[in-house]
Each structure stands twice: as C-alpha cells, then as structure tokens.
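Accompanying notes for the structure given below.
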Amino acid sequence: MAKEKFERTKPHVNVGTIGHVDHGKTTLTAAIATVLSKAFGGEAKAYDQIDAAPEEKARGITINTAHVEYETANRHYAHVDCPGHADYVKNMITGAAQMDGAILVCSAADGPMPQTREHILLARQVGVPYIVVFLNKCDMVDDAELLELVEMEVRELLSKYDFPGDDTPIIQGSAKLALEGDEGPMGKEAIMKLAEALDTYIPTPERAIDGAFLMPVEDVFSISGRGTVVTGRIERGIVKVGEEIEIIGIKPTLKTTCTGVEMFRKLLDQGQAGDNVGILLRGTKREEVERGQVLAKPGSITPHTHFTAEVYILGKDEGGRHTPFFNNYRPQFYFRTTDVTGSIELPKDKEMVMPGDNVTITVKLIAPIAMEEGLRFAIREGGRTVGAGVVAKILA
C-alpha cells in the first residue's frame, strides 16, 4: 500500500484510550494503528514507539502523551495514549488533547479496577462526550458467563457516572492477538468492529468555524478617527462587518457593532475561527474594553463567578507548591487571557489538598468571566502556574 498524503477530505475526530494500568491501552493503540493501516492505508506504529511518549507542555504542565493517527473508511482519527495514570489525569484536565470520544480499555480477566472508575469519572467531569468500550484479554477468559458479568459491571459503572451504559458499544477481543496478526474474531475482527463503533457511535464533532462567534480580548487600541480596535485570535465562529456583538466578562455586558475586521493590515469583510484579527468597534470607548473579556455573538455565552471544577495541583517536582492548601485558599484563576482572584471551597471530606492531587472544588471569583462548562483554566500564584482545571458545572 503506497503512503498517501494526508487528505483533509475525511472528517477529523480526536479520540484516546483510557482505563486501568496494564489493562492493555498501549497494546490496543498499537493494534488499531496496525490493523487499520493495512485495511485503509496510513502508517503503523510499533508498541515501543507509542510507549516512549514524548513530553509536552500544556498550560505550564509537563505531560507525557503519545499521538497516533489512523484512518477508517469514513474518517481520520488522531488518537492519544498516556504512559502513566498521572499523565491521564493531567491530560484530561488541561485538555492538552481534547477528546471527542474515549476508548475505555478494560481487562476481561480483572474486570473494572480503581482507575477504570476514576477515568470514567474524569471523563464525565471534563466533558468527554462519548465512551466506547474495548473488553480486552478475552482470550484469557474461557467462561462466556464471566465475560457477560464483566460487561454488566462495566455498563453499571458507566451508568453510575451518567454515561448511557445500556447503549454503549462494548467490543470483546484481544489487542495482543490483533497486534500479532491474528485474523479471527478476537483479533483483527474485533479491531474492525471497534473501528465501526467509533465511526457510528461518536458523532462528527462541530468544527470551530460552525460555532457561535467568540474571541478572547488580548489587546485594545484607540485609533484616532477610527475608534476602538480590539485584537485577538478568533476561537470559534465567524464575525461579519455590520454585526452586533457583545463584550462579556469582568464588567457589565455591553452591546456594540463590528464596523471593521483587519488582518495583516488588510481590511476584510469577515473574520473566522483561527484568524488573528483586529476588530473595530463602533461607539465603544477604549476604557470600556479590557484584556480578559471576550467578544461574542449576542446571547451565546454568559458571565459567571460561581462554579465547580475538576483540578490538578502540580507536584513539588513539577514546579508547583511545596505545601498543601486548605479551604478558602485564594489563588488567581487564569481564564483565556487574564488572571481573576477567587476562593476555593473543598469537598466536605477533604481537609487539605496536597501537591500532586486531583480534586473537585467549588470556586467563587471576585469578577465574572464569560464561561461555559468545559472551559479550561490555570491556577496561579504570583504569575507561576500551580495547577490546572476545567469548569465542570456552573452554579451562578
């Protein structure tokens, strides 16, 4: 099979493997890449290539993740696999690799284990919308009833965390057999079934350009005779000259009109997701807009101060705090382009949070920020990152 160049014609979907240590996540990742590259083209990756995951930084946090790409008949997938449990926690909370769906790997020989549960909970908290299950090591279980039992346990666990356990596709197989070239129902056939489940069960994600217009404010200038220009990178959607937009966050929401879009000193009639632009605002004063606010389509996003979040607190060796923090700890929360002070309320059963922990917290900010569930942020003290988080639920 000749190597084909990367065709952007197929829709692109981001997935990743989650599940307990040693249940076969990396073996499955290698098996999928190997089997699908033979079936649909692309490049196979060996197990040890995936396991030696390079370090990357996301929001000031070092994470090891391996990236693999593969294709099915209908789609192009980017797949992330993490070597260690801590890397999963960090990856999911920082959104370093935002997942449109996850492949939960569970060993049929062991059944659900503590990290199986923890990864499902994390997936729920950070907003991974779909989970497909691969019941691995089925070649080691002779008893069909036992397989059924494990499958039931996994479905119950998914339902417990508000995933549709009864409707979730569960594929039985053996990643090891598939990787070794076994063509049978446990090997290649299981991987092909998994690919089909990914194609049909995980919907094609909305592209950034199709969303409601949103641009975080990075800088504000006053240009004599022209008015106020706000610069930034459009996160999603399209803004057209003449459209009404809202300025949201920090201060009371203001309505204004876009009277011009500028990119590389050229005037455009519209700006779209991914563009670094200057947006000219009619009748808006320079001091009415500041970094940390967003420009957005009216009514599409609202400002909030009170929310729950799933956070990861950096360990001492990662440049984080050296000491635990307690209830009412007041760091800065860095949303998009600015810091806002807020106080942290810990869960009732938690007296303190140690460096290296992940925990669910409740936050009250001193100023409102345009937010929605799934928004990422960094936790900082005097400009250095001490943690990362994601908005789980907006309270007020």
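Glycine is treated like the rest: Cβ placed from N, Cα and C.
Note that the structure is predicted; figures quoted are calculated from it, not measured.
Mean pLDDT for the domain 'tr-type G' (10-206) in the predicted structure: 91. Here Swiss-Prot flags 10-206 as domain 'tr-type G'.
If one looks beyond the region 'G1' (19-26) by at least 6 residues along the same chain, the residues whose Cβ comes under 8 Å of a Cβ in the stretch are 47, 50-51, 66, 81, 83-85, 104-107, 110, 112-116, 119, 136-137, 175-176. Marked as region 'G1' by Swiss-Prot: 19-26.
Gly19 (GTP binding site) counts 26 other C-beta atoms within 10 Å of its own C-beta, drawing on all protein chains shown. The GTP binding site annotation in Swiss-Prot covers 19-26, 81-85, 136-139.
Positions annotated as Mg(2+) binding site by Swiss-Prot: Thr26.
Among the features that Swiss-Prot reports, region 'G2' is placed at 60-64, with the record citing similarity to another entry. For the region 'G2' (60-64), same-chain residues at least 6 beyond its ends with a Cβ under 8 Å from one of its own Cβ atoms are 53-54, 82-84, 87, 90-91, 94, 96, 312, 314, 318-319, 378, 384-385, 388.
Proximity of distant same-chain residues to the region 'G3' (81-84), defined by a Cβ-Cβ separation under 8 Å and at least 6 residues beyond the stretch ends, is recorded for 16-17, 21, 25-26, 29, 50-51, 53, 63-66, 68, 91. As annotated by Swiss-Prot, region 'G3' applies to 81-84, with the evidence given as similarity to another entry.
Among residues of the same chain six or more beyond the region 'G4' (136-139), those with a C-beta under 8 A of the stretch's C-beta atoms are 23-24, 27-28, 105-109, 147, 172-177, 186, 190. Annotated region 'G4' per Swiss-Prot: 136-139, in sequence order.
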- Cβ density check for Cys82 (GTP binding site), other Cβ within 10 Å (all protein chains) comes to 24
- Task: Round to the nearest Å and give the CA-to-CA distance linking Cys82 (GTP binding site) with Thr26 (Mg(2+) binding site).
- Result: 8
- Item | Sparsest-packed among the binding-site residues, when each Cβ's other Cβ atoms within 10 Å are tallied, from Lys25, His85 | His85
- Given His85 (GTP binding site) and Thr26 (Mg(2+) binding site), what distance in Å do their CA atoms have, once rounded to a whole number? 13
- Query: Which residues does Cys138 (GTP binding site) neighbour through Cβ under 8 Å, counting only same-chain ones at least six apart?
  - Reply: Ala108, Leu147, Gln172, Gly173, Ser174, Met186, Ala190
- Counting all other Cβ atoms within 10 Å across every protein chain shown, which of the binding-site residues Asp22, Thr26 scores highest? Thr26
